[in-house]
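Note sheet for the following structure.
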Amino acid sequence: MEDQRKYGAYGTPQKYDPTFKGPIYNRGCTDVLCCVLLFLAIVGYVAVGLIAWTHGDPRKVIYPTDSRGEFCGQKGTKNANKPFLFYFNIVKCASPLVLLEFQCPTPQICVEKCPNRYLTLLNAWNTPEFEYYKQFCVPDFQKNKKGVAQVLRDGQCPAVLIPSKPLAQRCFPDIHAHKGVIMVGNATTYEDGHGSRKNITELVEGAKQANGILEARQLAMRIFEDYTVSWYWIVIGLVIAMVLSLLFIILLRFLAGIMVWVMIVLVILVLGYGIFHCYMEYARLRGEAGSDISVLDLGFQTDFRVYLHLRQTWLAFMIILSILEVIIILLLIFLRKRILIAIALIKEASRAVGYVMCSLLYPLVTFFLLCLCIAYWASTAVFLSTSNEAVYKILGDSSCPHQGQTCHPETFFNSTEAHACPNARCQFAFYGGESGYHRALLGLQIFNAFMFFWLANFVLALGQVTLAGAFASYYWALRKPDDMPAFPLFAAFGRALRYHTGSLAFGSLILAIVQIIRVILEYLDQRLKAAENKFAKFLMTCLKCCFWCLEKFIKFLNRNAYIMIAIYGTNFCTSARNAFFLLMRNIIRVAVLDKVTDFLFLLGKLLIVGSVGILAFFFFTHRIRIVQDTAPPLNYYWVPILTVIVGSYLIAHGFFSVYGMCVDTLFLCFLEDLERNNGSSERPYFMSSTLKKLLNKTNKKPVES
């Protein structure tokens, strides 16, 4: 009755099918609608990229441009002798829009040199100093009969000049510290040109935002220099990581059992030592003044070291560690058989990888496709961000019929609008644009990010289905490897693309939706950081936590659904349901296997990354005497070391992702094998002899007539 209730809640066990011999070859296309939707989305994505490439100019990220979009210092232009960019009001560069649009929302002009003195327009007006001041006004500026107020309203001159220095062709305030006080030039405050004085810190904030991307550029140049002299040794380090990853996978085949049990024993010993240490501290504090005060009486203390002088603290630690120790020992006693099954599956996965060795190279295909996705997303994002244009508006008195309309400063004075409104002016308003394309820029950026998530998840899903199909053909071969197809990996790849593109698109679409929601929540969280609404912060934290958990669950469900797709060729929803029910019918085995394999793979990654990282550290810091003179001189020795560490992790992760997919595939096949077959001559088990021995299962020999 208990089994019936369990199977009723989570479906019924797989029934015996005499025609089933592994991955089904006669299958049809699944989730065709999602396949069409993916195709249309890709067409739209390409169109967005083409439009962005037409309007955008990535040179705006690197080279300075004035408010009219003209590059400073470019040969053959009127700004050829004006290499530096000057901001009218650099304080406005502290706006968050700078990061999104790569532009400060203030008029900008190209100048021959940066200002070297404090000077306001009001003080310079009608004095000889105005000749110096005029070079920082808009090109071809003439006083005529305008007053200071009108010039400032028209945005033709800055209100104030501040001592500045050029940095990456931009003029930034000459900020320095004197006896701990931030100064620009020789002052700590400045006149804003409107009769009031402001603190230097406002300039600092503006300069920080505008200067951030420039400092990153200089850093990038030094890093590039380091790569040019150390790339050879970085490649050698990555090759060592690849060799170590292969050796670890080979060792798992023979030493998986020993490694698992050694780790379990070490965990028990560490917890045991923790209990002993807590008891010794508890006994040592006996009789000491103040050690018997309870935690509740002491209350909350910001210095947590105070609690270590209380006996109650060590007693609590000892109780917690003792409970953990007892739980682990009880789990080992009652789950020892399932741990042995997990070890046997890991060994079996090593054999499967050995028979399908080309599977270890498949992560290179995934890596290449992901690089294409990242490159297209990044380039499109940059082109979209640099699509904004300087927008000018007509500003005049209330009687002007053209008030607020868009204008062009080059032609405004000869236009009908200027004749209709003699007192009007064409003034810089903002960076953006008023076309439908410019109004849709934010939406296009979100679509760009969403498509990146969708395509990246699709590439990962394609790899998982391909590997699952190859390893499933190994498990369901009764005589291994004789009954396996000639090229299992290529056959699985072809089936995945030919029949299941729609299913892969469906699964990756669900995951992409959750991921883009998480990105939007992160953006909103950043916007709410300055707010004091505690309820909003609490709600945002809960939402972020929920969607993080949802993403993890969907990834787990998708992974197992792709295995079922690779084996049976069913659509995504059917495969996800069948995989979920199969796992829930064997939930304890799933939990044990998942944790054992995760722990083993984590150990392997740490071992490989740690070994190669330590070797790289000693080499690039000239601490290995044998090759001390061989190591190249560097600006930042952490650049090649960090590259080797990250690269080693990616290589190890690539190898272990193949191994992990193999274990998961064999595990699902193993569970189905137990439900489908009974070991008779008509329904023999497909599992290895080691697994059959652990489960006390045997295949009965056919009765000879």
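Yeah, the Cβs are placed from backbone N, Cα and C, and that goes for glycine too.
Taken from Swiss-Prot, the feature topological domain 'Cytoplasmic' covers 1-31 (among others), and the record attributes it to sequence analysis.
Residues or ranges marked as phosphothreonine by Swiss-Prot on the basis of similarity to another entry: T12.
Annotation comment: Swiss-Prot describes 32-52 (among others) as transmembrane segment.
Annotation comment: Swiss-Prot describes 53-231 (among others) as topological domain 'Extracellular'.
Annotation comment: Swiss-Prot describes N186 (among others) as N-linked glycosylation site.
The N-linked glycosylation site annotation in Swiss-Prot covers N199 (among others).
Look at Swiss-Prot and you will find 232-252 (among others) tagged as transmembrane segment.
The transmembrane segment annotation in Swiss-Prot covers 256-276 (among others), and the record cites sequence analysis as its basis.
Residues or ranges marked as topological domain 'Extracellular' by Swiss-Prot on the basis of sequence analysis: 277-314 (among others).
Here the transmembrane segment (315-335) has Cβ contacts under 8 Å with residues 264, 267-268, 271-272, 274-275, 278-279, 282, 295, 588, 592 of the same chain, all six or more residues outside its ends. Taken from Swiss-Prot, the feature transmembrane segment applies to 315-335 (among others), supported by sequence analysis.
The annotation topological domain 'Cytoplasmic' is assigned in Swiss-Prot to 336-363 (among others) on the grounds of sequence analysis. Within its own chain, the topological domain 'Cytoplasmic' (336-363) is flanked in space by residues 246, 249-250, 252-253, 256-257, 260, 264, 463, 466-467, 470-471, 474-475, 480-481, 484, 488-489, 588-589, 592-593, 596-597, 600, 654-655, 657-659, 662-663, 666-667, 670, 688, 690-691, 694-695, which lie at least six positions past its ends and keep a Cβ under 8 Å from the stretch.
Away from its own ends, the transmembrane segment (364-384) comes close to residues 48-49, 52-53, 55-58, 61, 441, 444-445, 448-449, 451-452, 455-456, 459-460, 462-463, 650, 654 of its chain (Cβ-Cβ under 8 Å, at least six residues beyond either end). The transmembrane segment annotation in Swiss-Prot covers 364-384 (among others) and is backed by sequence analysis.
According to Swiss-Prot, the feature topological domain 'Extracellular' maps to 385-455 (among others).
If you draw a 10 Å sphere around the CB of N414 (N-linked glycosylation site), it holds 8 other CB atoms from the protein chains shown. According to Swiss-Prot, the N-linked glycosylation site annotation covers N414 (among others), on the basis of sequence analysis.
Per Swiss-Prot, the feature transmembrane segment maps to 456-478 (among others); the stated evidence is sequence analysis.
Annotation comment: Swiss-Prot describes 479-503 (among others) as topological domain 'Cytoplasmic', evidence class sequence analysis. Packing against the topological domain 'Cytoplasmic' (479-503) from elsewhere in the chain are residues 21, 23, 25, 27-36, 38, 351, 355-356, 358-359, 362, 462, 465-470, 473, 565-566, 569, 571-572, 575: each is 6 or more residues past its ends and has a CB under 8 Å from a CB in it.
Under the criterion of 3 or more C-beta pairs below 8 Å, with sequence separation of 6 or more, the transmembrane segment (256-276) and the transmembrane segment (599-619) qualify as touching. Contact between the transmembrane segment (504-524) and the transmembrane segment (232-252) is not supported, since fewer than 3 Cβ pairs fall under 8 Å when only residues 6 or more apart in sequence are counted. Taking the topological domain 'Extracellular' (53-231) as a whole, pLDDT averages 73 in the prediction. Contact count against the transmembrane segment (599-619) (Cβ pairs under 8 Å) is highest for 638-658, out of 32-52, 232-252, 456-478, 563-583, 638-658. Counting residues of the topological domain 'Extracellular' (385-455) by DSSP class, helix then strand then coil, yields 28 helix, 17 strand, 26 coil. In the topological domain 'Extracellular' (525-562), helix, strand and coil residues by DSSP number 33 helix, 0 strand, 5 coil. Segment contact is absent for the transmembrane segment (456-478) and the transmembrane segment (232-252), given fewer than three CB pairs below 8 angstroms at sequence separation of 6 or more.
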